[in-house]
Amino acid sequence: MNKRIYLDYSATTPMKQEVLEEMLPYFTERFGNPSSIHSFGREAKQAIDQARSRLAKAIGAKQDEIYFTGGGSEADNWAIKGVAYANRDKGNHIITTKIEHHAVLHTCEYLEKDGFEVTYLDVDEYGMISLEQLRNAITDRTILITLMFANNEIGTIQPIGEIGAIAREKGIYFHTDAVQALGNVKIDVNALNIDLMSMSAHKIYGPKGVGGLYIRKGVKIHSLIHGGAQERRRRAGTENLPGIVGFGKAAELAIENLDGHIRHVKDLRDRLIKGIMDKVDYVRFNGHPENRLPGNAHFAFEFIEGESLLLSLDMLGIAGSSGSACTSGSLDPSHVLMAIGLPHEIAHGSLRLTIGDFTTAEEIDYVINELPKIVDRLRQMSPLYEKVKGGQK
Amino acid sequence: MYSEKVMDHFMNPRNVGEIENADGIGEVGNAKCGDIMKMYLKIENDVIVDVKFKTFGCGSAIATSSIATEMIKGKTIQEALKLTNQAVVEALDGLPPQKIHCSVLAEQAVKSALLDYAKKHHITLDELNDFHPDEDHHEHGEEYEEA
């Protein structure tokens, strides 16, 4: 395998050189504990403050509304459990959707075992929720709406501003998992009426193992991790100093380059979609046609199975992902593909290719050239295809 | 995740295709679960002189079908009836735990094709008296989540 083509930016991104350089001194000479009173501690504390201010600026928040966590999943857990338990005296009802990330879904299921009631909103064939269904789901016991900004599989972006307005009007906290959206969509937490927002560094060319939760001032929330006084006493544990510095730099770069980034990945994404749709029959394009992440392309190829597609692509050095059952280790295809109403047999042939800043037109053209051949090879082996084509093709 | 043997049989599957006027055809699995194997046998004087397959499924489903055809080609019916899923797994230098069901499916595809042959030729194969290919073959490993 000579060249490798990475088209799985929604899984994780490579770190940018500028981010790495910013982080490096904080592993060695500027290693201090930010809680220490001496100069080592103070310079570490300063670095964290700078990162916090960069992140706040990126989403239109105040600096003291940003809390660093060990990643996006921790931020989701904290937001949902923290708000649920802190507001239990007001009610026990939470509204979410059927297409959330497992960090949200499994947290909600956990709370259901502890007496909370959860409404899982449906989505349409494009993965969009209905604002009417949302309004109808609200009761006087509803304390939290947790609804993802953009879907990690099919890329659909929800009407976050409208949802935020409804939540604000009804006096219900609104949390959004923006792990996929940050750095791909312009986000202003005030304009969108977001009360809590989960973020992750490694999806925006930053390091793994660090994320953040935006908590609007005044939101009643319990802590998840108790201990020292870090993060305004709300998230204990000595800070992941280099990680936080890297997250801050990555957020700054993401916002500086947002328009250019969107243009670059969207152009390549549209080129990929057109190339594949033109060359392959019996393929479905999933997600919303317009309201979607700029770098997300999601296909379902009929008569073949996603894992064999991924393996074949991998043999050519092309990295993608699939929501087929065989790659998730469970019997059913992904809950997102089920929620948009894809029949099982079509969902099994799904392929997600996600494009990022380092993707080139040559790489996309290579995929457009090779992918149809792989699909054809697998279809020639498939008894399902034989039925459609009468074994003739 | 997969052995070199599995990848070889996946990328270069043996005996792919169909046999016209096959003496026995077996089809197991279903599209909903994400794997279907169809096996065609040509049998002369109780010997499997040719075998072909078509499979819809993951890498290991294709690899197990491929190696199963190799393991029964040229063999007598009695020998082919002895093919077990464990033998298929061993021949592939192992399979991940959640993919063992693919080897079960391969064994069942062979047996289904032999049963079809027996029915068409009004033969009784005692070894297949208790064979029920429609039973749920799925024994996936522990679930885990994606990032």
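Glycine is treated like the rest: Cβ placed from N, Cα and C.
Among the features that TrEMBL reports, active site, cysteine persulfide intermediate is placed at A:C326.
Annotated pyridoxal 5'-phosphate binding site per TrEMBL: A:G72, A:S73, A:N152, A:Q180, A:S200, A:A201, A:H202, A:T238, in sequence order. Contacts of A:T238 (pyridoxal 5'-phosphate binding site) defined by a Cβ separation under 8 A and a same-chain sequence distance of 6+ are given as A:N33, A:P34, A:S35, A:G228, A:Q230, in order along the sequence. A:T238 (pyridoxal 5'-phosphate binding site) falls outside any helix or strand according to DSSP and counts as coil.
The [2Fe-2S] cluster binding site annotation in TrEMBL covers A:C326.
As annotated by TrEMBL, domain 'Aminotransferase class V' applies to A:5-367.
Residues or ranges marked as N6-(pyridoxal phosphate)lysine by TrEMBL: A:K203. Around A:K203 (N6-(pyridoxal phosphate)lysine), the C-beta neighbours below 8 angstroms that are at least 6 residues distant in the chain are A:Y9, A:S10, A:T12, A:T13, A:G72, A:V179, A:Q180, A:L182, A:G183.
Comment: pyridoxal 5'-phosphate site residues A:G72, A:S73, A:N152, A:Q180, A:S200, A:A201, A:H202, A:T238; largest CA to CA distance 30 Å, whole number.
Model confidence over the domain 'Aminotransferase class V' (A:5-367) stands at 96, taken as the mean pLDDT rounded to a whole number.
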